[in-house]
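K.L.:
First the structure, which I've put down as structure tokens, then a few questions once you've had a look.
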Amino acid sequence: MDNRPIGVFDSGLGGLTVLKELKCLIPTESVVYFGDSGRAPYGTKSKDTIVKYTFQDIRFLLNQDIKMIVIACNTASACSLKLVKDSFDIPVIEVTEPGAITAVNETKNKKIGVIGTVATISSGVYERAINRLDSSIEIVQKACPLFVPLVEEGWWENDIAFRIAEEYLEPLKKEGIDTLVMGCTHYPMLYNTISKVMGDKVKLVSSALEVTKVVRNILGEMDIMRDERINPVYRYYTSDSVEKFESLGSAILESDIHSAEKVDIEKY
């Protein structure tokens, strides 16, 4: 048993889609969440910068006395995972592998599309993960760099979002994919827009639920679940506007966020 919180971080609001699943699947666990909206998006930055940001985010969370880290950011996972695991003596869970496994299990015609940030797509992390599971699967990838800014602005289902999604996703439609991996935790907020463009015959895969199952399993295996008799506590931190984080974050979680705090992440 370990009553310390789980630490979750993302480049901004997207990781709240993971936190939402955590609250549903393992509601007894406390969580410290950090969203680095002040430096978002990570996906357009150099690998060195992404690694630097990732390590700062983790050092901040370690300062909060956490028992586990969930990298709820595909870009950070793609660019930093091995370095993180080699550098920190704490369980580290990431989002790419669970998403790849789900996509391989879902596809019927063995044509999978992957969308993500420039850095995630360039890293080839999903392509490698899917090929390890089934090398016969055809993979079509597309970087969608404007999707994260759309989510951070709260533009999830307007005409601008739809037109941008059409521009990005038409090539994947033409390739005849039947499964699309949303390789960024921001993208589930664009689910309705993406689904409208792709049509109901394409299965959209979000790794948020799958990574939560991994978290639950590891907590059990390591015997570090929280005492169920103690009410969970959720703490929220951002590197940008607290008001904007609380407003948009509450919409993502479908529950009110109060008392979020701003962090000077460059100190870490």
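Positions of Cβ are set from backbone N, Cα and C atoms, glycine also.
Residues annotated as active site, proton donor/acceptor in TrEMBL: CYS73, CYS184. Under the heading substrate binding site, TrEMBL lists ASP10, SER11, TYR42, GLY43, ASN74, THR75, THR185, HIS186.
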K.L.:
I want the residues beyond ASP10, SER11, TYR42, GLY43, ASN74, THR75, THR185, HIS186 whose C-beta is within 8 angstroms of the mean position of the substrate site's C-beta atoms, in chain order.
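P.N.:
Other same-chain residues with Cβ inside the cutoff are GLY12, GLY14, GLY15, ALA40, PRO41, CYS73, ALA76, THR117, THR120, VAL148, CYS184.
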K.L.:
So what sits near SER11 (substrate binding site) in its own chain, CB-to-CB under 8 Å and at least six residues off in sequence?
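P.N.:
SER11 (substrate binding site) has long-range Cβ partners GLY35, ASP36, SER37, ARG39, ALA40, PRO41, TYR42, GLY43, TYR53, CYS73, THR75, ALA76, VAL148, HIS186.
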K.L.:
State the count of C-beta atoms found within 10 angstroms of the C-beta of ASP10 (substrate binding site), not counting that atom itself.
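P.N.:
The answer is 30 other Cβ atoms.
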K.L.:
Over all pairs in ASP10, SER11, TYR42, GLY43, ASN74, THR75, THR185, HIS186, the listed substrate binding residues, work out the largest Cα-Cα distance in Å.
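P.N.:
Answer in Å: the longest Cα-Cα distance is 12.
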K.L.:
For HIS186 (substrate binding site), what is the tally of other C-beta atoms lying within 10 angstroms of its C-beta?
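P.N.:
A count of 31.
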K.L.:
Between ASN74 (substrate binding site) and CYS184 (active site, proton donor/acceptor), what is the CA-CA distance rounded to a whole number of Å?
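P.N.:
Taking the Cα atoms only, ASN74 (substrate binding site) lies 5 Å from CYS184 (active site, proton donor/acceptor).
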K.L.:
According to DSSP, collapsed to three classes, what secondary structure does ASP10 (substrate binding site) have?
P.N.:
strand
K.L.:
What is the number of other Cβ atoms found within 10 Å of the Cβ of CYS184 (active site, proton donor/acceptor)?
P.N.:
31
K.L.:
To the nearest whole angstrom, state the Cα distance for the pair ASP10 (substrate binding site) and CYS184 (active site, proton donor/acceptor).
P.N.:
10
K.L.:
Can you see whether DSSP assigns THR75 (substrate binding site) to helix, strand or coil?
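P.N.:
Its secondary structure by DSSP: helix.
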K.L.:
Taking the Cβ of ASN74 (substrate binding site) as the centre, how many other Cβ atoms fall within a 10 Å radius?
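P.N.:
There are 34 such Cβ atoms around ASN74 (substrate binding site).
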